[in-house]
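Enquirer: Below you will find the structure I want to go over with you.
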Amino acid sequence: CHLVHYLRLSHHLIVLNYLIGTFDKLKSVSSEHVTITDAVFDGVEVRVFEPPAKQDETLKRAVVYIHGGGWALASARTSLYNNLCRIMAESLSAVVVSVEYRLVPEVCFPEQFHDALRATKHFLHPDVLAEYSVDPSRVAVSGDSAGGNLAAAVCQQLSKEEHMTVRPKLQALIYPVLQAFDFNTPSYQQNMNMPVLPRYVMINYWIDYFNGNYDLAHSLVINNHTALDVSQALSFRGRLNWTSLLPSSFKKDYKPVIQTTGTAEIVQKLPALLDVRAVPLLAENDILQRQPKTYILTCENDVLRDDGVMYAKRLENAGVEVTLDHFDDCFHGCMIFTIWPTDFSAGVQTRNSYIKWLDENL
């Protein structure tokens, strides 16, 4: 993929997703335990997992699930996410709607957000919930990594729309990516070269999401885009002060990287860097106060650890009930790795904890 990208034969993400799809994409295959169908919700493709109704049950619970992959990779139809959503549907006896949003480079921000929002709003319509025999008071919105980003952004947007008659009861965010303001939080510094998601890869995902130029990567790494002289960033600085939002066990001996003089042109070229639809951690307190009961799963060996921890703290400060589920020995992306040959104990451990919380709270 790097060779293809270098030679400009095609976008490297197109090639990588083609390879993933060729070897891994599954057709909808139902079983006696779960009925799996593909549908379109307000122009957005989804895969729906429906468990059989229990004898003593009139209405089911439901989860809208948004997959990860840096807004650019994977699919609701790949075996990893197909397996996760099937197990969720079985374990929770819940309808699971897995959103097949469009990917980079076909589309860039804000289209992924719009797809996730449209599909979720469509499902939350009372007539659609009735069609799937779902209890309107027992719906969660969830996602992992970039999908956690979209899930958080969708919940924030839904909280602003006064005409909505049905709102999510819960949000559950799995190692979510929530900010592009500071690429030198303690977890970014500690895990900058960690396999699966090193810092430079996460920064490139952001650049791709915003349809930017990779030449900006180095300036982003050293926080030139949020230097003290970048006026556009000043109003957001207090909302992402990790020195006050993180516990001392996470801060350790790491120091903030705050440039005095930076490059304001970066924000002009990539205004979405400060758009709360892309970076939910920068939302105002009055929006955070409206968020539903929240679960956030974080892993120690992950550049995004502090994104989730800071969001949990900000939500808690705003009066939202939050469960922060931290795993000291786990890594980014581990929850979907439960199928041979990538069947890791970390995946089973995190998945079971996540499903247990949903079962107890949804």
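Our numbering is plain: 1 for the first residue shown, then up by one each step along the chain.
Every residue, even glycine, has its Cβ placed from backbone N, Cα and C.
Where the annotation comes from TrEMBL, it is an automatic prediction and has not been curated.
The domain 'Alpha/beta hydrolase fold-3' feature in TrEMBL is assigned to 63-221, 274-335. What TrEMBL records for SER145, ASP302, HIS332 is active site.
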Enquirer: Roughly how many Å lie between the Cα atoms of SER145 (active site) and HIS332 (active site), rounded to a whole value?
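Expert: Answer for this pair: 8 Å between alpha carbons.
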Enquirer: Taking just the CA atoms, what is the gap between HIS332 (active site) and ASP302 (active site) in Å?
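Expert: So the Cα of ASP302 (active site) lies 5 Å away from that of HIS332 (active site).
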Enquirer: Per residue, counting other C-beta atoms within 10 angstroms of the C-beta, which of the active-site residues SER145, HIS332 reaches the highest number?
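Expert: Counting Cβ neighbours within 10 Å, the top one is SER145.
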Enquirer: When the domain 'Alpha/beta hydrolase fold-3' (274-335) is classified with DSSP, how many of its residues are helical, how many are strand and how many are coil?
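Expert: The counts are 23 helix, 19 strand, 20 coil.
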